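Undergrad: Below are the structure tokens for one structure; questions will follow.
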């Protein structure tokens with residue numbers, strides 16, 4: 001979001017964390033409405049989210065705050081459907097997080113974990129509906145592996161050689177029956193603050209015309225709460241923290257000045273160059289075209305580390321050669337998505353593929369008389385080993401900033417919020433006052 005905003009945008013993690021810290025979360029209108037609606041219908045409160053301190057998609061402290069809020073509204077039937085991480089945290093770190101979380105539940109005095117599932121299933125974002133169906137059915141039908149506790153569920157998954165991300169849906173049972181399943185009259189609080197990986201599961205719970213898999217009739221929930229706005233297409237929901245409007249961001253400025261832009265990516269990163277780059281807005285700006293290339297249908301991307309980079313590059317080169325666009329924003333998914341697998345050889349292939357694609361793309365841009373800026377918003381494939389184990393999480397290493405063009409350009413170190421001002425400077429366009437980032441490029445005369 002900072003890349004396109006040209007300013008530091010406080011992430012939803014910070015915004016929600018402040019509400020938890022000052023106690024206002026417990027009085028959040030959407031949360032209160034949902035809990036009260038379930039109370040009126042005699043239903044339970046189900047809290048679903050990534051049980052992780054990773055802070056990228058969720059934070060387990062926010063899940064505990066939801067349990068506390070439900071308790072304050074008079075509920076004691078409160079059940080947590082834990083999604084395990086292993087991408088933004090080490091691959092087998094869930095046991096410690098579960099222990100910490102259950103200690104929090106004990107402190108609160110209510111709440112139990114009712115199911116455990118790896119994010120590979122419930123948090124798909126590439127229309128792999130067979131995966132989402134398994135995540136949905138363990139919560140609604142108790143369909144999955146069986147365990148007597150969340151800790152036992154994870155240990156059994158490790159025995160099946162499944163890391164946290166890939167833990168198959170497991171229902172927690174008591175006296176031979178599921179501890180709890182989501183039913184008509186219940187309230188569901190989805191506690192991920194990042195939208196892209198909970199849109200599909202939220203659609204399964206809330207859309208009347210849902211056709212991703214054979215769901216049957218929509219559950220008649222008392223309420224479904226999205227922690228943030230996941231999609232404008234989700235209408236049967238309450239939103240706890242509506243989006244904060246950002247104005248005069250890069251895409252808006254390009255449009256306002258009458259210029260034409262293209263956003264291009266394969267499925268896995270399409271939201272990043274559209275929704276996130278546009279400050280959380282779904283709709284494109286005027287004269288903003290979008291290009292979506294399907295990601296390959298494989299279980300994990302180490303099986304096809306090239307992903308769809310070549311096809312994406314072919315299509316973008318055609319657009320460059322058309323001369324129709326003043327700005328083209330492209331995201332290559334390979335370094336991040338293959339980096340997350342922890343498979344070193346696949347990551348090498350992924351980087352080689354992107355390197356070759358960037359070379360082809362630069363040649364087209366050069367022939368068109370354009371310039372190219374290469375950067376990233378975080379690291380991943382830059383570190384593939386952690387001691388003797390694979391490294392699968394993001395890194396905190398500095399991201400690159402590379403200028404390609406015919407002009408002599410001196411680049412400075414900076415932050416992500418400086419990228420939009422830098423692009424405006426390269427395009428010789430004014431920087432709006434709302435952008436407090438700075439241009440990192442000093443241009444000299446054209447090279448002789």
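The count begins at 1 with the first shown residue.
Using N, Cα and C of the backbone, Cβ positions are placed for all residues, glycine too.
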Undergrad: Per TrEMBL, which of 269, 304 sits in the substrate site along with 57, 87, 88, 119, 125, 194, 195, 196, 197?
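TA: The one candidate that TrEMBL places in that substrate site: 269.
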Undergrad: Specify the count of other C-beta atoms within 10 Å of the C-beta of residue 57 (substrate binding site).
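TA: So the number of other Cβ atoms within 10 Å of residue 57 (substrate binding site) is 24.
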Undergrad: Tell me, how many other CB atoms lie within 10 A of the CB of residue 195 (substrate binding site), whichever protein chain they belong to?
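TA: Here the count is 24.
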Undergrad: Tell me, what is the mean pLDDT of the domain 'BPG-independent PGAM N-terminal' (16-232)?
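TA: Looking only at the domain 'BPG-independent PGAM N-terminal' (16-232), pLDDT averages out to 98.
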Undergrad: Just report the maximum Cα pair distance in Å for the recorded substrate binders 57, 87, 88, 119, 125, 194, 195, 196, 197, 269, no decimals.
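TA: Site span for substrate, by Cα atoms: 17 Å.
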